[in-house]
Ligand SMILES: Nc1ncnc2c1ncn2[C@@H]1O[C@H](COP(=O)(O)OP(=O)(O)OP(=O)(O)O)[C@@H](O)[C@H]1O
Ligand SMILES: [Mg+2]
């Protein structure tokens, strides 16, 4: 179980190009205006180890099997939780994370077909049971998201996966949200950046420590 902490842990989830980074930046600006101590981080990454793991995971020239792929994400996550997220939450800060454990369940579980019980067990160990207080799921047709992401330039390893894979990932995210509706704010990511930012700020503000 998640031990109580005085901070607030918010994760952003959704398919490629859904607008996670855009909304995370907007939320950070609101937290800044509000004078709320906060920390932005991302998965994979967020620590020196995580950054190296990220380079491996996104390398379009590497072929990585589903289980080692999941274990690499978990390694990055474990380091991030213990070195960055837990300490910030213990200081009472708001931690905003670009992707977290739900991405593993959606991508490696629903997408790649690894057994969900195994993923949950290893994730429990990697995070010591730390679950976000709020998860913003930006839901989007993957064809639209990949098209948005493609305009940024060369596709990474995951953006190159086929559309069916990304459709399973989307369904996986929606299934997770149905299972734990109290934690999730599911938003239609085709809405305007401003409208989405407004709803996300309202949900975050209502939970501020
Ligand atoms: N609500 C929106 N409507 C239309 N376009 C948007 C919206 N939000 C973001 N975009 C655009 O879509 C592209 C992808 O946005 P962003 O990088 O924030 O997505 P992401 O979910 O972080 O993607 P990735 O999974 O690749 O990190 C950007 O060009 C951004 O400007
Ligand atoms: Mg992003």
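Yeah, the Cβs are placed from backbone N, Cα and C, and that goes for glycine too.
Curation does not apply to TrEMBL; its annotations are automatic.
Just so it is clear, the model here is predicted, and its values are computed rather than measured.
In TrEMBL this protein carries:
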type	residues	note
BINDING	14, 15, 16, 17, 18, 19, 20, 21	ATP binding site
DOMAIN	12-199	domain 'Thymidylate kinase-like'
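Structure with TrEMBL features highlighted.
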| residue | record | CB count, 10 Å |
| --- | --- | --- |
| 14 | ATP binding site | 27 |
| 15 | ATP binding site | 29 |
| 16 | ATP binding site | 21 |
| 17 | ATP binding site | 23 |
| 18 | ATP binding site | 28 |
| 19 | ATP binding site | 22 |
| 20 | ATP binding site | 24 |
| 21 | ATP binding site | 14 |
Where the criterion is a Cβ under 6 Å from an atom of ligand 1, which of the binding-site residues 15, 18, 20 meet it? 18, 20
Listed in sequence order, residues not in 14, 15, 16, 17, 18, 19, 20, 21 with Cβ within 8 Å of the centre of the ATP site Cβ atoms: 138, 140, 145, 148, 149, 189
List, in residue order, those binding-site residues out of 16, 20, 21 with a Cβ under 6 Å from any atom belonging to ligand 2. 20, 21
